[in-house]
Structure formats: C-alpha cells, structure tokens
Amino acid sequence: MADRVATSDKSKSVREEALTYAYILLYIFLSSAQIFFNKWVLSSKQINFPYPLGLTLLHMIFSSVLCFLLTKVFKILKVEEGMTAEIYVTSVIPIGAMFAMTLWLGNTAYMYISVSFAQMLKAIMPVAVFILGVAAGLEVMSCRMFLIMSVISFGVLVASYGEIDVNWIGVVYQMGGVVGEALRLIFMEIFVKRKGLKLNPISVMYYVSPCSALCLLIPWIFLELPKLDASGPWRFQPLVLTLNSLCTFALNLSVFLVISHTSALTIRVAGVVKDWVVVLLSALLFADTKLTVLNLFGYGIAIAGVAAYNNHKLKREASKTSSDESQEAEKVPLVASTSMLHSKIGV
C-alpha cells in the first residue's frame, strides 16, 4: 500500500514538473513568436500596416475586451480585489502610461533596426532599472552592483560597436522603450511596497490595458490617423491583426501560468533564453539581420552581467524572505507566553 502511494506521488510530481516545463517552453515560444510576428506585420508589404502606434493600440483594446469577457462575463479567471480610485489614479495610470510608452517605442524600433540588435539593446534594461531604483530610493549602490552594471553596459557597447548597419533613429526608439519599461517596473515596485496590493498578471492586464489604450489613443489620433486617411481607403487583413492581438494576449497569459507554477525569477531566466533564441533565429528569418562575431561576443558579456544581476536579486529576495519568517517565528512564543499570563491571573 505504501509503495502504491509513493509511486502515485512520484508520478504526480513528474506530471507537475513536466507541466511546468511545458509552460516555460510555451512562454519562450510565444514571446519569440510575438516579436517576429510584430516585425513581420510592421515591415511586410503584403500586410501593409506600418503603424506601430496603431498596432499597439489594437493590442491594448483587444486585451481590455478579452480580460473583461474572461473575468466578468464568463468568469473563467478571477480579478483580485482591493483596487480603489486613489490607487488607480496614483499607481495604475502611471504604470499604464509607461507600459504604453514601452510597447509603442519598442514596436517602432523594429521599423528601423533588426530584431537581433533590438534584443541586444534590451540587455541594458537592468542598468536602467537599477539607476532609476537608486534615484527612487528602492535600490542601494554597492561595489558589487556597480561592477555588474558596468559589465552589462560594456557588453551592450561592444555588441553595438559590432553592428554593421546602425540606424540611430531606431536606437533612440529602442532606448526610449527601455527607459519606459524601467519606469514601469519601478512604479510596479512602488505600487507593491507602498500600496501593499499584489495583483496577478491577469488582474494587472485587466486594470492596466484600458489605461494604456487611452494613453495610446491620444497620440494615435494626431500622429498616425492622418497618415491612414492620406493613404486612401483602409485595406487591412483583419484575420492577421486579430491573430497578432491574440498572440499578445496569450503571451501575457503564459506569464501568469509560469509565475503561478514557479516564480518571477523563472520568467527572468526564461527571458534570457528567449533573447538568445530571438537573436539567432532572426538571422535566419530576416534579411536585415547580419550578425557578427563582435555582436555575439558583446551580447554574451551583457547576458553574463544580466545573469549575475538576477542571481543577486534572487539571493536578496531569499534573504528577505528568511528574515521575515524568523521575525514571525519570534512573535509566536511572545503570543503564547502572553496567553499563559492571562490564564494565570484569571483574565
């Protein structure tokens, strides 16, 4: 009987582990596919949709509608409670605005630079997050972190130097997207630490997507709508754009699945793997991608720095968790002794 139970537990553990790996692979596949899909839609003459702002706006509208249907109509997923008007105005709106900025500028960059070079520039993200975190009082400068940031920066510089065709307009757009994403992450950390409200990715998308859509709608009206009108009748492929939007939503859902079965650090590690997959595959899929040895050498240095950064964050989070648990453990005897004292004096 005991052997049967042990075998059953072992097979269940194997199934859960296999399912976790499946979710991670799904995230890597969808994340890579979304980047290539966006690049194709924006640059393909067959699709004829060179409007990165409009594409991002479509993603956010689609996500808003689908989140509402899944959570409020069909009730398949649940939105976590605790959101107030004050939190929405002071936290969600800034996060939504930065999210819109990140997607808009990042998608625009694909029209000027190759997918692989864009991914290499994204490796500078931890540096931007750390600098802004120090400015916001969320991070503390140390020799170790300074060394890690220097390694990442040096790697990105080497990779950029190795790029054959550098389009500085695309670089500016990509770095603007990096700054926007760094600000979004900082606002998210402030949101969690100071407001004390933790939301799963679906809840975040439910609250953030409509705000991001509104932030994108205003510049779209002035920047891209006149171009659309000037180009004549709108002739797009609704099926392709719908599939592109669905892929974006599926990617966000895969993030939810991976985090719920593993941790946020797993997403970071999977993201590093995804970046390498994108860099190497883009050389095969797109004619504008020409990788050099210097490109890959510099990117390798930057990724090593990113890995060191993730390792440092993991150790700090583990130390903080153990510290919180020890504080909770110290409170238990105090409560017990107080209860005994009350019982002795007859309270």
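Here the Cβ of each residue, glycine as well, is placed from N, Cα and C on the backbone.
Taken from TrEMBL as is:
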- 20-37: transmembrane segment (TRANSMEM)
- 23-310: domain 'Sugar phosphate transporter' (DOMAIN)
- 49-71: transmembrane segment (TRANSMEM)
- 83-105: transmembrane segment (TRANSMEM)
- 117-138: transmembrane segment (TRANSMEM)
- 145-162: transmembrane segment (TRANSMEM)
- 168-192: transmembrane segment (TRANSMEM)
- 204-223: transmembrane segment (TRANSMEM)
- 235-258: transmembrane segment (TRANSMEM)
- 265-287: transmembrane segment (TRANSMEM)
- 293-310: transmembrane segment (TRANSMEM)
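Sequence-distant residue pairs (6 or more apart) of the transmembrane segment (117-138) and the transmembrane segment (168-192) include at least 3 whose Cβ atoms are under 8 Å, placing the two stretches in contact. Remark: the transmembrane segment (293-310) makes no contact with the transmembrane segment (235-258), by the rule of 3 or more CB pairs under 8 A.
Only residues 6 or more beyond the boundaries of the transmembrane segment (49-71), in the same chain, are considered here, and those with a CB under 8 A from a CB of the stretch are 38, 41-43, 77-79, 100, 103-104, 107-108, 110-111, 202, 205-206, 209-210, 212-213, 216-217, 219-220, 223-224, 227-228, 236, 241-242, 244-246, 248-249, 252. Under the criterion of 3 or more C-beta pairs below 8 Å, with sequence separation of 6 or more, the transmembrane segment (20-37) and the transmembrane segment (168-192) do not qualify as touching, having fewer than 3 such pairs. Under 8 Å from some Cβ of the transmembrane segment (168-192) lie the Cβ atoms of residues 87, 91-92, 94-95, 98-99, 101-106, 108-113, 117-118, 121-122, 124-125, 128-129, 131-133, 136, 138, 160, 198, all in the same chain and six or more residues away from its ends.
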